[in-house]
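Over in TrEMBL, the protein carries these features:
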COMPBIAS  587-607  compositional bias 'Basic and acidic residues'
DOMAIN    26-478  domain 'Major facilitator superfamily (MFS) profile'
REGION    587-609  region 'Disordered'
TRANSMEM  19-39  transmembrane segment
TRANSMEM  82-100  transmembrane segment
TRANSMEM  112-131  transmembrane segment
TRANSMEM  137-159  transmembrane segment
TRANSMEM  171-194  transmembrane segment
TRANSMEM  200-223  transmembrane segment
TRANSMEM  285-309  transmembrane segment
TRANSMEM  321-343  transmembrane segment
TRANSMEM  350-370  transmembrane segment
TRANSMEM  390-412  transmembrane segment
TRANSMEM  424-447  transmembrane segment
TRANSMEM  453-474  transmembrane segment
Amino acid sequence: MAGGAYIGRGGGRSYEGGVTIFVLFTCVAAAMGGLLFGYDLGISGGVTSMESFLSKFFPSVFHKMKNETANQNQYCKFDSQLLTLFTSCLYLAALVASFFASTVTRKFGRKISMFVAGLVFLVGSILNGIANNIILLIIGRLLLGVGVGFANQSVPIYLAEMAPTKIRGALNMGFQMAITIGILVAGLVNFGTAKIKGGYGWRVSLALAAVPSLMMTLAAIFLPDTPNSILERGNLDKARKMLKKIRGTDNVDEEFQDLLDATDAAQKVENQWTNITEQRYRPQLVICILVPFFQQLTGINVIMFYAPVLFMTLGFGDEASLMSAVITGGVNMVATLVSILAVDKFGRRVLFLQGGVQMLLCQVAVGVMIGMKFGLSGVGSFTKTEANWILFSICAYVAAFAWSWGPLGWLVPSEICPLEIRSAGQAINVSVNMLFTFIIGQVFLSMLCHLKFGLFFFFGGFVIIMTIFIAFFLPETKNVPIEEMNRVWKAHWFWGKYIPDEAVNYVSDDDEIDYSVKPEFYDSDIDDKDELWVQKKRKGGTSDAVLSCPSCFTTLCLDCQRHEKYVTQYRAIFVENCKIGSDQIVHQKEARPRKGKRGRESSEHEATPAGKQTVKQVCCLVCSTEVGVIDAEEVYHFFNVLPSES
């Protein structure tokens, strides 16, 4: 089963503390950094469709647009390398800035990087608002790119480190939510400023970027730094106080010790860039490269910052194209909210896979509709009904991206890297993202001109590839503390071979049990077979028994530890083919002997820990037979199983 899972104490510690108002406030404030990126994504496409802007800076495109003929190729209407450079140069600057931001983020703290992001973006927005020539316009865009690079480097790390494990996904996605809000606001601004008489609407649109940048700058001044960042700079007392404050409890010893261990490991690293290329960090390096690469090859950003241009190409009027961009921006924001609510409930993989399938279907639908109407000549137009179907399909595509690859493309790389390579990993993530945003943005209008409706099939092909990659190579990271993430990689069918045993600290709460003494219940020959099979499957793992479903004989657990008191109950370390049911309140019961496999006596219990507590049912994924429970600490306890299937 691709991915697998490490569970409970076998797969990540559950720290004490809850969600505090303080941490919610800080994460929401920090996430405002996404407004910088989002506003620019949404504003540039609307501005480049305004006649006053085109006539001043790109007269050749303006004349081509105004001098339409009945047989004009709609695909090539806006094809201009200089026009695309205006949009895409920002991302080239962000790429370069992300490497400098990595050093600043690590040495001086996350909040300093966020402050630099807001300040530089503010200067760039002012220059764009007053620009009178293309040179000043491009310089302003480059400064905006520096701001975006610093923000995209620091904000996801800040959110991942401040958030409690159980809602880390939701809070980290606040960054993507802020991006979508910025896109929607930009669309509304463009729709309003396009009506300003005198041809100054584009100046207002570009200058208003100063608002989110000012918010970011002020927020960075007052925000606290993360405990991880404070520890990196050697202030233990301050870091402990901050950890207590954001967790809302004084009992932070276990989490603080994990942070200390991670910091010690990080400080032994002389060069993060050399370190991240080591074999033990191969999973993180590959994910930090491929996830942002695939994110851009969905084609989403060209939809976002060329939306008005794209809709005008498809025959929408000036006002209709801007309003359509507002609609897609609204869908983007609502769908991101859905993702925030779902990510820590259903996990990362489910959203990735569902989103991939939906995006593929929508891209094929759009490509087919455009191909049938415009063909290869690019001559034609849509009826109102057909245009609405195009808009609906694009909105469905945007929604699928917004609850999958959009937020998860930032969340997953920010949460998988240990502290010693975290800044380098995020810098790679941002730089790859910006590089391919630049490339796709720069060539999109030319690709549309040459590939025509086939462009949507081009992006659809990459969606197939990335969905397959997620299915087989990305393990689930939901509810796994960042400092315990190596357990997930060690358990993975493919990545486990890259993770050395010393990188994973296995912890059991019944280490006092002498497992060398086999209870009479167990067949030693089968136990030996279990050991050999598990060692082969898990690259050196050990097991007390291999557990199977009593109804359909599906393997449920490759690696477990038997309980000291009840030898027929098992604490799972590596499970598969299981699904979690509803909550139930159970009481520990006395063992009831029954005849089990091979005539051996066994006993069945409704739960493992003594006393009354709330647990969730665990059922076989294949036949839905109840096989055990999962407790509040996310430890699996199996009792209704067949051990040692041979």
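Cβ from N, Cα, C; glycine included.
No curator has checked TrEMBL annotations; they are predicted automatically.
For the transmembrane segment (200-223), the partner stretch with the most Cβ pairs below 8 Å, chosen from 19-39, 112-131, 321-343, 453-474, is 112-131.
Taking residue pairs at least 6 apart in sequence, the transmembrane segment (19-39) and the transmembrane segment (112-131) share three or more C-beta contacts under 8 angstroms. Put simply, of 19-39, 171-194, 350-370, 424-447, the stretch with the most CB pairs closer than 8 A to the transmembrane segment (82-100) is 424-447. Each residue in the domain 'Major facilitator superfamily (MFS) profile' (26-478) has a pLDDT score, and their mean in this model is 85.
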